[in-house]
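Per TrEMBL, the features are:
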TRANSMEM  529-554  transmembrane segment
DOMAIN    530-794  domain 'G-protein coupled receptors family 3 profile'
TRANSMEM  566-588  transmembrane segment
TRANSMEM  600-624  transmembrane segment
TRANSMEM  644-663  transmembrane segment
TRANSMEM  691-712  transmembrane segment
TRANSMEM  724-744  transmembrane segment
TRANSMEM  756-779  transmembrane segment
Amino acid sequence: MIGQTGFMEFSKDGDLIIGGVFSMTSTRKLSAHESTLNTVCRWNDRELKFARTVIFTVEEINRDAKLLPGVRLGYKLYNGCGSENLIRAAVEAVNGEPSNGCSGQIQALLGHSSSGVSEDINIILSSLSIPQVSYLSTCACLSDKRLYPTFFRTVPSDRFQIIGLVQLMKYFDWRWVGIIHSEGLYSEEGTNEFVKEAKKEGICVEYRLPYSKTSQIRLDTIVETLRESSSKVVLLFVSLSYTKSFLSKIESYNITGKQWVGSESWITQADLASDERKNILQGAIGFALPQASIPGLRDDVIKAFWEKFFDCSFSPSNTSTMCTGTEDLQTVSSDYTDVTYFRAENNVYKAVYLVAYALHALLQCRNGSNPITGKSCVLEYIKYVNFTTQNGAKVFFDENGDSVAQYDLVNWQMKEDGSVKIVNIGQYDTSVPEGEKFKLKENTEIVWGGNSIQVPRSVCREPCPPGTRKAINKRKPVCCFDCFECPEGTISNQTNSPECFVCPPEFWPNEKKDQCFPKPTEYLSYKEIMGALLTGFGCVGIFLSLLTSIIFLTHKETPIVKANNSELSFLLLFSLKLCFLCSLTFIGRPSEWSCMLRHTAFGITFVLCISCVLGKTIVVLMAFRATLPGSNVMKWFGPAQQRLSVLTFTLIQVVICILWLTINPPFPKMNMKYYKEKIILECALGSAVGFWAVLGYIGLLAFLCFILAFLARKLPDSFNEAKLITFSMLIFCAVWITFIPAYVSSPGKFTVAVEIFAILASSFGLLACIFFPKCYIIIFRPEQNSKKHLMGKIPPRNL
């Protein structure tokens, strides 16, 4: 029956009745006519198809011998234009005589598609314990069983869609998004839920703007924001009617370069596409209710719709032509004729079956009572329904009356003529384990906003690269953070690292400050220029000492060699060779043995050297005293005493070195304090007292030698070796006095270089001042190498 009184549009008698409320004439249009505003309700093809699906499903159930056997299922489908009329229609649907001990003529009410309307209707139905099953009311707020105890739905809660949208944006790394929402419970609650879930995943909302069909100011604000905002992704979370209004107005503003993400309310509505909207909708993506097939529904077209589409009538009429039955419905483009796949209609299909299975279970129980709860009526049985429809859809509810959430991820791929191909590119299924809920199809071409072939970037700030740290700016959203370069000596090896980490002591950051590498070690090496030069000078010193020894050895019988105490001279030349040689121990990588050897060898060889010079100085002074009448001092400092003095002075230094090595010897050390970026390999002194005792003893002998040589500086020319010793000791002391501050202040390998330089300089000073003049006379002035020349006015003496 069609066209009933009141709000009823379609009805059929039966043993049990299912009610339904639809907005078959839901669009309202205000028109001015003779200063009066009239509400004009237009047919809504989509809602008509929902109503037709109910009728089809009821007929299918009635043909099923197993489901509700012996019982005829009937329906009463009501139509309302606007929220107030829809609520009145719902009241009319439930305003009937009690049946089977349950309140109301209908057993359950199907609908509505709008969350706001369903909320209002359920407030009425909950007091009557009449279950309401919605096929499209998705607001998460309706899951609250304390407020809506009789509400169920075969469409997933928006909470699942919101989580899916957040995971989608997280997957594509869209961290900076804008939201446009409409008025009403569905959009406002969904937007609030999205903002809350997005915040958990570090996704920030740049703006959230409400859209109104009647406010131009709000539209201007949206347009200005879209043009000036930095976010590239826009979530259009609005109902279908608001989407149509929004797109019709914004298409003329030439908004480009945005990636639109849609809610399930409009993302599969191909009739929204047009050539003017191509720059907006091209590449739009969003989650849609999954595709389903309902066999037989495609061909089941009722008479009223046929007459409406072709403007004909199957009954004689003066205003319409007769329908012949040969008209082709496939040539008509509307929501009603789009029956290739069913999405929302499948939820209507499941809703009817849900009530039928609950009624079937109710009739199987004694006295119509639920064996689990002891309560009666369909409401108690709907809670525990678990079945599979003929098209394979599994239906059951959780504790909130929500069904399992499954979505298709679809992509709008616009054609040249402005039409659209809505391509399924992925799925979101809450029934699978965590981590597998969201999947993209392999080898599926995706078109992005602005007809781009690359995934759009939508971030307030690009991630902080390794080598920097992420700092939250309290004056900006969390996604608009600051990036600061890691301080010296620290690294970050991850993107968006919240802090920088100090490298271990032996490591130092690279230039990018994203890795710690072993610090380069520094020591005086033979391979570098400074080390090679010092090695060369040391070898030259050894060669010159050896050459001098050879010259003195080949001319040992000459007066000048004999007159200068040849035994001490050869011992001094030997000690100088050791001095030049010990300088080489300071070059190279420090080791335990080299550290102990370099300082002790240097201390002992230099004491041996100074002891020889001191002996020569004493000999010169004694020789002068021996020339005075009655003097007999030479017997007190003969060759035996000279050897003993050198041995004694040297043994004292040996004892100091032994004590040093025994108590706290030098050892190799990695100095990481002087330079932050490199390690100095050096020899730690161990006992500083031991080191300065060695140096102090050398300095004491040198100072004593200098004083004695200074006192002998005015001896006759025949004994001019005293002048040479004085000059050599002056150089020696000057070098070592200068060495101390230079040694203390020099960094790293330069400390070693200063010490080697002091050894070489003082050794060359002794070699040059004491031996080079004699070698010059021996080689170039042999005529002066005679007793006559040496005697002068002083009788010659054997030294």
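Cβ atoms are placed via backbone N, Cα and C, with glycine included.
Automatic prediction, not curation, is the source of TrEMBL annotations.
Within the same chain, the transmembrane segment (566-588) stays apart from the transmembrane segment (691-712): fewer than three Cβ pairs sit under 8 Å, each pair at least 6 residues apart. Against the transmembrane segment (756-779), stretch 724-744 shows more Cβ pairs under 8 Å than any other of 529-554, 644-663, 691-712, 724-744. Proximity of distant same-chain residues to the transmembrane segment (691-712), defined by a Cβ-Cβ separation under 8 Å and at least 6 residues beyond the stretch ends, is recorded for 599-600, 602-603, 606-607, 610-611, 613-614, 617-618, 620-621, 624, 649, 652-653, 656-657, 660, 666, 685, 719, 722, 725-726, 729-730, 732-733, 736, 740. Across the domain 'G-protein coupled receptors family 3 profile' (530-794), the model assigns an average pLDDT of 79.
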